[in-house]
Amino acid sequence: MFKVKTLERRNLKQLSLGGGCLGGSAHAGSEELRHECNGNKLIVEDMALAVGSDEHIEPHSGSGSASASSMSGLSIHDHAGDAAKPATLAVDGHSGCNYDLRDLVQLGKLGSGNSGTVMKVLHVPSSRVIAKKTIVIEQNNAIVKQQIYRELTIMRSVAEHRNIVEFYGAHNLSSDSINGSNDVVILMEYMNCGSLDTITRTYKSLQRRGILAANRSYPVQEWFSKPVIISRIAYSVLNGLSYLYENYKIIHRDIKPSNVLINSKGRIKLCDFGVSRKLNNSIADTFVGTSTYMSPERIQGNKYTTKGDVWSLGLMLIELLTGEFPLGGHNDTPDGILDLLQRIVNEPAPKLPSSVIKVLPPDMVNFIDLCCVKVEKDRGSLQELLKHPFIVRFRTKESTDAFKLWTKDIRRWMQEERNYKKETSEHSMLLKKQHNTNDTRHSRHMTSSLK
C-alpha cells in the first residue's frame, strides 16, 4: 500500500492531509440542533446497524486511547481455557438477546469490500435474521483494537431510533481462539431492501437485461423519479443525523449511498459510524472509497461540522436522480484520488443538469442546491433543511404510505435480481463441472490410446 508521503509529495493544491479530519464517527460541540426525533422501538425484519443502551457515556474527544478493559459498555468474555468456546472480547447490544456467535447460521452473502464482509445470518434461539459484518485486523495491533472498541462503545450508547440501524453487539476473536482468527465481528439489524447503492446497481442491471425499459428521453432514474421518494430519503437522513448530533454530539462523516439502508416496512436508516475506517492507519487508505463524498472544508482540514454531512447528502441525491456521480469518475489510485480532491476544492459546486431541473419541482431543486453550497457557512444546516418546504410537504400519512408501497416494489425487484444471479451462478458451475468431466474423459482416452 502506498505511503502517506506519496500523497504529500504530489499534493499540488495544498490539500490538507492531516489525519485529524479523516476519522470515523466524530464529535463536535459547535452547533446546536433543535428537532424532534422519534425514538420508537424498531421492528427487526431485516441489512445493517443501530444502537442502544440505558447506560450513558460521555462523548469521546477522538484523541488518546483507552484500555479495552476500562471502556464503558465492554464486557469481556475470556474462554481461552475452554476448548469449546472461542476467546472473545464482546460488546453487548441492548436488544434483550445475548447473541452467541455459535448460535448463528449463515444464510447468504450480502456484500464485501475493503472494510470487510457482510453476511445474512439466522440467530437460531430467537429465530431472528440479522447481519454479521466481519472485519479482519492485523495481529498484535492493540492501538487499532482500542480504537474499534471505543467506536463500538459509542455505537452501543446510542439509543434506538427509527433512522439509525440497530446494533446488536460485537465480538473480537483473538488470535489464540479455536478459529485462529483476529477478526472483529459486528452484529446488526438486517435491512431487506439493502442500501441505496445496491438498489441503484440493481436498477441498472435490470435495465441492461431488458427487464426494465430504459426511457432515454427522460433524464431521471425511474425508481427515484417521484419527488416523494427523494424527500423521504432526505428527511430520514437529516433526521438521523440530527438525532446523533443533538443527543450525542456525533457527526457521521461518511454519508453515501452504501451507508443508507432501506427495508420493506418503509424505514430508511443510517449505518456505519466509521468503525472500519478506524482500521486504517494510512491517510491514503482513509481516502480510498470515501473521498468522493467529502466536503471541501473537510479536505482542506478546516473545522468539520454537521454541514459536511449535508454536502454529502446533496451529492448523493444528485447521484440517485441522474444515475451518475456528479463530480465525474475517478480511480482509486493516489493520483486519481488527489485529482478528485482537487476538483472538489477548486471546481464549482455540483449542480443538477438542466435537463433534470426541467422535470423536477422547484422546491426540490432548491433543496439540493442548498446542500451543495461550497462555502460551509452558506450551506443549509440540518435544522434549516428539516424545515424546508420540500421536506415538510411530504411529511404526511399519504406520503408515508406511498413510500411503503415503493419499498415493497423495490423488495420484489431485488428478489428478482438475486434469483437471476443465483440461477446464473448455478448454470456457470454446471458448465464448469461438465467441462471438467469432458477434460477428464479426454485425458483418460489419450492415456488409453498411448497404451
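The backbone N, Cα and C atoms fix where each Cβ goes, and this holds for glycine too.
Note that this is a predicted model, so its numbers are computed, not measured.
Note on TrEMBL: of 55-74, 95-114, the range annotated with the feature region 'Disordered' is 55-74.
The number of other Cβ atoms within 10 Å of the Cβ belonging to Lys133 (ATP binding site), over all protein chains shown, comes to 26. Restricting the average to the domain 'Protein kinase' (104-391) gives a pLDDT of 86.
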